[in-house]
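Participant: My structure is below; once you've seen it, I'll send some questions.
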Amino acid sequence: MASNSSSCPTPGGGHLNGYPVPPYAFFFPPMLGGLSPPGALTTLQHQLPVSGYSTPSPATIETQSSSSEEIVPSPPSPPPLPRIYKPCFVCQDKSSGYHYGVSACEGCKGFFRRSIQKNMVYTCHRDKNCIINKVTRNRCQYCRLQKCFEVGMSKESVRNDRNKKKKEAPKPECSESYTLTPEVGELIEKVRKAHQETFPALCQLGKYTTNNSSEQRVSLDIDLWDKFSELSTKCIIKTVEFAKQLPGFTTLTIADQITLLKAACLDILILRICTRYTPEQDTMTFSEGLTLNRTQMHKAGFGPLTDLVFAFANQLLPLEMDDAETGLLSAICLICGDRQDLEQPDRVDMLQEPLLEALKVYVRKRRPSRPHMFPKMLMKITDLRSISAKGAERVITLKMEIPGSMPPLIQEMLENSEGLDTLSGQPGGGGRDGGGLAPPPGSCSPSLSPSSNRSSPATHSP
């Protein structure tokens, strides 16, 4: 046993457990630190051979590192260069960044997002090849949207962005309360009064029907058409009166007032008549109490538009809208800054904002347990525009069915920047070559102008 003990190499002999110590002795202290007590580790480090290399202590490394930093300071980071984007790919305006896959300005970004989210359907009234630039981008929404697609804007990016915001947005509190401020309350009452004075409720009308009881959807009934066109003219006049009572509307330029009325008149007429729908009899009641069923409305001139109007009326029933809500929704349809050829679209948007706020507060205060009713109402505006576009197309075929000319006020209402340019030059039409009713820019329309002194006939309100 003694001989075995004496034959073991000692630390001072340059070997450890029979193996030569490598020259890189500083690899071992970390590993040995967990196996040997601190005192033994220090003794062992002093006994290990150096072999040309010294083992720096942690304190030495730290001192060298800190002194090195003091001698050679790191250079300061240069300031980031401002990002310069290419002009907007759609209209060549100044770009605010990359939106939905391309460099775009704020205007085109917002237009594309709204168009996709609301599934907007636009129509080009020229050759579907309009020039889109900073000046002309608001003149043709159809060609502007097509240009967005052509330059690479992505529908999926809009949807993904919307879904991302939905996930990130906190869930609204159902107990959120909405208080009607005096200003909002006054605005609501003004709009309610304007609506009621130009559109009496169904209960105020004495219903009457026609003698035509045929249930076959055949050709146009001329007698029904004559009566319906007469009532429609009165409805248009009442719509103009409604617009003149809306706060701020008459402060707009005359040209913008006419543009808004022509663009939204059919929307408002359809919304109004659909609030007079009676589901039990499947009938609609017009001004003076004229009540028609589906077949009679088809013969009166609605034609293939009939089922669309009745379907929309059925969709309104669950909303249970009162006069204030119908009036506010009509006002929002009318005062809308995205209509074509407006001189001051930003000012129109400013007038629309308090109407939107008033409708939101009123709807949520009236239905505190149904927070989604307000957006549902706003979505009906998109449906109205779609039906109105088809209604304008219906006029083209209707002109070939009626024996005489189209009533002037109805034709003028539909001959607008978003309606029927194709009526120009037709018999009885208001085209450029036919002494049209539409006024030139800056002039006042003799019939649709809100500043006109023309008053409605002394008949029942529509």
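The backbone N, Cα and C atoms fix where each Cβ goes, and this holds for glycine too.
Here Swiss-Prot flags LYS166, LYS171, LYS399 as SUMO cross-link, drawing on similarity to another entry. What Swiss-Prot records for 183-417 is domain 'NR LBD'. What Swiss-Prot records for SER77, SER96, SER219, SER369 is phosphoserine. Annotation source Swiss-Prot lists region 'Modulating' at 1-87. Marked as region 'Disordered' by Swiss-Prot: 52-77, 419-462.
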Participant: Which whole-number mean pLDDT does the model give the region 'Modulating' (1-87)?
Facilitator: 51
Participant: Roughly how many Å separate the Cα of SER96 (phosphoserine) from that of LYS399 (SUMO cross-link), to the nearest whole number?
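Facilitator: Cα of SER96 (phosphoserine) to Cα of LYS399 (SUMO cross-link) measures 48 Å after rounding.
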Participant: Just how many other Cβ atoms lie inside 10 Å of the Cβ on SER369 (phosphoserine)?
Facilitator: 8
Participant: Just the number: how many Å between the Cα atoms of LYS399 (SUMO cross-link) and SER369 (phosphoserine)?
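Facilitator: So the alpha carbons of LYS399 (SUMO cross-link) and SER369 (phosphoserine) sit roughly 48 Å from each other.
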Participant: 10 Å Cβ neighbour count around LYS399 (SUMO cross-link)?
Facilitator: 18
Participant: Starting from the Cβ of SER96 (phosphoserine), draw a 10 Å sphere and report how many other Cβ atoms land inside it.
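Facilitator: I count 15 other Cβ atoms within 10 Å of it.
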Participant: Quick one: what's DSSP say for SER96 (phosphoserine), helix, strand or coil?
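Facilitator: Coil, per DSSP.
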Participant: Using DSSP with the three-state reduction, classify LYS399 (SUMO cross-link) as helix, strand or coil.
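Facilitator: The residue in question, LYS399 (SUMO cross-link), is helix (DSSP, three-state).
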Participant: Per DSSP, to which secondary structure element type does SER369 (phosphoserine) belong, with helix, strand and coil as the options?
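Facilitator: SS state of SER369 (phosphoserine) = coil.
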